[in-house]
Every structure is written in C-alpha cells, then in structure tokens.
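Encoded as structure tokens, the structure appears first; notes follow it.
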Amino acid sequence: MQNQSSLAYPEMKRLLDKNVRWSKSVRDRDPEFFPRHFPGQRPELLWIGCSDARVPETTIMGCQPGDVFVHRNIANLYSPQDDSLNAVMMIALQNFKVKHIVVAGHTNCVGCMTALNVSRLPPTPASTPLQKYIQPLATLSRTLFKGDGEPPTLDLLVEENVVQQVKNLLECDVIKSDWKRRGTDGVVIHGWVYHLEDGTIRDLNVSVGPPGHVPGKKADAWF
C-alpha cells in the first residue's frame, strides 16, 4: 500500500484550508481559546444523536467546542450491548459528572425511514450490519401500525423512537449507578426532536431525573 498526502485530493485540501482559516479566525477573536481548552474539557451535557450530517449538535444549539460531549449513531439508538455508548456515558458521568443527557432524533431520519420500510415487509433474518442494527427500530415501527394495517408516519416513528431510547437509558446499569452514586444530583435524561425544515428543536416532555430530583433546583446556565 502506497501512502499519499490528503493534499493530493482537491476536496480534502479545501477542508484543510478551511481549517487553517477557521483556526486563525478563532485565535484572532480569542487568543486564549485553544490554550484554555487544551488542558481538558468540562462539558455538562451529553448528546446522543443521529449520525446525520445535517444535525451538528454544537451548531444547532449555538454552543462552542468543549460545551457538549457527543455520541452519534444511526437513528440515535441505545441498547445495553452497545459498549461504545456505554463507555461514552461512563466517561461523561464519572469523569465529567454531566448534568444532562439529551437523546435527539430529527425529522426525515434515514435510519427511521429504513426501519419503517423494513417493518412493512414480513420479518426475515437480518444478514447485513444495517439490517441487524435497525431490527429493534423496525420492531418498534410494527407496534405502531394501526388496526387496519396502516404503518405509522415517519414523524411519529422518529418521536416514538426518541421516547423509547429514553426508556432504554433509564433501565441501563450506567444510569442506575450514577443515580445511586450522586443521588438527587444525578443525571437527567431528556428527549428532543430537531426539525430540519426550520432548524428548531422540540422538547418531547419526557425528561426524567433520579428519584427525589427537583427540576430547576440547580439551574446554573453554563452556555
């Protein structure tokens, strides 16, 4: 295998050039920005979102690098067997003691659309990584079919998927351990949907904190 520089590819060179310009603009505006962030990070929010390129979490919330700890995957799913996400949550909760976890779906989600299409077909053994991955989401979609066999809308599946992932997180050992360790100051889990059509975030009103948690008790604004 012969190694080459990324600069040999014009589209990659453009990205590297943009990075140089961005870095310079940040340093011109705030010379201490990078030195201030280099020693470490102290995010207070973990974002569990979709891999979709149209949903950059820091951008849509008007945040800065260092504000948000992030895990993204297809259709913002969580399962107890997901060691990658479990590891992210352990670091977020044990190292950074984040105050909030947001599960964020979005409209026109390709992962949800794929699962919806699969749910319209008779169940068959999954063979590809994508088929295996979206099986739980296809199963959820089937539970939303109406009595006449009409499938749910994509928007409904997106919302119900977020609600389901919040429920899944509430049952996971990492969250239970955090609540046991931190008591009423433990992490609070939220469910949101980002609307690609207008750039707004909608709260699904499914926020859950540890037993005895009082919303707003420690409402320090860090953004």
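Placement of Cβ uses the backbone N, Cα and C atoms for every residue, glycine included.
Per TrEMBL, the features are:
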type: BINDING; residues: C50, D52, H106, C109; note: Zn(2+) binding site
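Within 8 A of the CB centroid of the Zn(2+) site residues C50, D52, H106, C109, the other residues of that chain are G49, S51, R54, V55, A75, N76, G105, T107, N108, V110, G111, C112, V158, Y194, L196. Long-range Cβ neighbours of H106 (Zn(2+) binding site) (same chain, at least 6 residues apart, Cβ-Cβ under 8 Å): G49, C50, D52, R54, V55, V158, V193, Y194, H195, L196. Residue environment of C109 (Zn(2+) binding site) contains 27 other Cβ atoms, counted within 10 Å of its Cβ in all protein chains.
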